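First comes the structure, then the notes that go with it.
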Amino acid sequence: MATIDIAASVLRAMHLLALLSLFGTLASLAVVAPPALAAGGAAGAAAHRRLVGLARGSAVLALVGGILWLGAATAVIAGADTLAATIAVLPTVALRTRFGQLLLLRLLLLVVAFPLLRVRRGVLPVPLVLAGVALALQGALGHAGAVGGSTGAGLLGSELLHLLAAGAWLGGLAPLLVLTATLPAPAVAMALRRFSPLGVSAVLVLAGTALAQASAFIGGLSGLLGTGYGHIATLKLSLFLLLVMVAAVNRFVLTERLAGIRPARMRPARARLLLLLALACEVTAGASVVAAAAFLAASMPATHQQPIWPFAWRPSLTALADPALRRAVIAAALACGVAGALAAMGLAWRRVRWPALAASAVVLALAVPHLQPLLIPAYPSSFYTSPTEFADSAIVRGARLFERNCAVCHGASGHGDGPAARASPVPPADLTAEHLWAHTDGELFWYLSHGIDRPDGSQTMPGFAGRLSSEARWQLIDFLRAHNAGENMRVFGTWPHPLPVPQFDADCADGRAINMDDLRRRVLRFVAAPTARMPPVVDIEVTTILLAGKRPIEPDPAACVANAAETWAAFAIIAGVPQEGLAGAQFVADRNGWLRALWRPGEPMTLAEVIRDIAAHPLPLSAGGVQGHRH
């Protein structure tokens, strides 16, 4: 991260902290503080003035921070390396980009709200609404604002709830600190108890919406552990948990002692001092969480990065396919549950603490080794995903690369029977076998890059990182998947694993050029070199794409046409036939983009029956399994 990026993130954090403080202070004046201020007498009036002063100071800081953030963000967006260059492009960024327009709107809301922050009793409804709207705009200024469609709308809604909950809880901590320092002990306890349900609700909302955001931008364990974005998210989560623990101590220990409800050995004055220190720690932890969030917003989401897996092993459920291993793993998991129950009983019941903890340790020691089948060897690239999107051009180029670099050992058909196979001390792998699908794309990429080692350290397969580009290695993987599927279709009449529709372009009668992303959520039929116009499938909503082959076809309203020779060649590989044998074949894909059937005239089921069954039973988006080869 460059210096200007760090500066922009720091200013973003300062601006957001001030916004949270403004909203939280106004929310406290509206919901939390009124009874405590009324019970505080003269001290209540002084506390009210301080809270309004805090709100005004927060508004000023938010305004200044927003202006500075706009300047730093302009330098980042425009790549300006001098102040003069930044100032020159500032009007363009501020007025002609969505980011600049939203930030200017927020600054305008702050300018309007500031004069309304007056020292008078009662709720300040208009500034509260203005501050809430200004805070809510933050979602559109981050990653959620860059996602379109219904997914983007859902993420924006989640981000809105997340921001308002953070404002109510984290933004309300500084006002609590003011009340604790100013009001009598009974009034402080009253304010803290009134804040408690608000804080608990906010924590639940924050946790739920954070899960939604993590699913969208982190993706999974590999994104969490293998990317910079995931590392910052882990730090943010750790700080959040620390914050929750400190808040629990404040509410259930120090507040009760301050109010004299819970018997304690400390005087109320000491309890107040400890509460002030704990609240200060809570404010500091909250500020750290916001700072981590600001750096997250400035980082590329983990779902857009290739995660580097940090361990030599990774979790896998492939062992559960074996009935004996499945029974052993389930029994071990149940034993771990029993061990957890024993440990909980020991911690909760002093009389049996040590026997229960000892029994728990013994059960764990016996059970954990039986969970080892859930771990398999891993490589730094194990969770890489293919950037080629299984394109027709990648499959065809991969076929040429295989012929030049791999066929000498693995054979032209990939069965491991190439001319050099006899001289190899270890027979080359059969690339048409089931084991290919047990490896992720990232693992295949590692093997192609670095080779495969024998236990004695010698190589059974050389690496190609020095001979083939990264793109070429991914194209080889595309071909290996397609060829394996085609060979199984040729021999067994079915594809062994879900295979995505190759990515390719097609032309439509209305002049549109489309690709497979444009046809998501539709049942698709691909017809190879029809001799006549294909009639529609009665009573079934299906989109037809014609594969032209060697003779170009003009699109008509009933079907778009793919005229590229590479598209024809890719489908021939997937069908397991030579290119001249593809004519007349029809492929059917479900609404989630998985190829499901290869139909030829004369087969027992009619095409309508095949399509109707596929339309009624689409495979889930995650059906690709461990290989992760989908788009």
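Each Cβ is built from the backbone N, Cα and C atoms, and glycine gets one as well.
The domain 'Cytochrome c' annotation in TrEMBL covers 393-484. Under the heading transmembrane segment, TrEMBL lists 62-90, 102-119, 160-183, 195-218, 230-253, 273-297, 328-349, 356-376.
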Non-local residues, at least 6 beyond the ends, that sit with Cβ under 8 Å of the transmembrane segment (160-183): 19-25, 27-29, 32-33, 36-37, 39-40, 43-44, 46-47, 50-51, 54, 131-132, 135-136, 138-139, 191-192, 195, 198-199, 201-203, 205-206, 209-210, 213, 272, 275-276, 279-280, 282-283, 286, 289-290
Per-residue pLDDT averaged over the domain 'Cytochrome c' (393-484), given as an integer: 92
Composition by DSSP (helix, strand, coil) of residues within the domain 'Cytochrome c' (393-484): 47 helix, 5 strand, 40 coil
Chain residues in Cβ proximity to the transmembrane segment (102-119) (below 8 Å; excluding those fewer than six residues from its ends, i.e. six or more beyond): 22, 48-49, 52-53, 55-56, 59-60, 62-63, 66-67, 69-70, 73, 94-95, 126-127, 130-131, 133-134, 137, 140-141
Folded-back contacts onto the transmembrane segment (230-253), same chain, C-beta under 8 angstroms, at least six residues removed: 192, 196, 199, 203, 206, 210, 214, 218, 223-224, 262, 275, 278-279, 281-282, 285-286, 288-289, 292-293, 295-296, 299, 302, 307
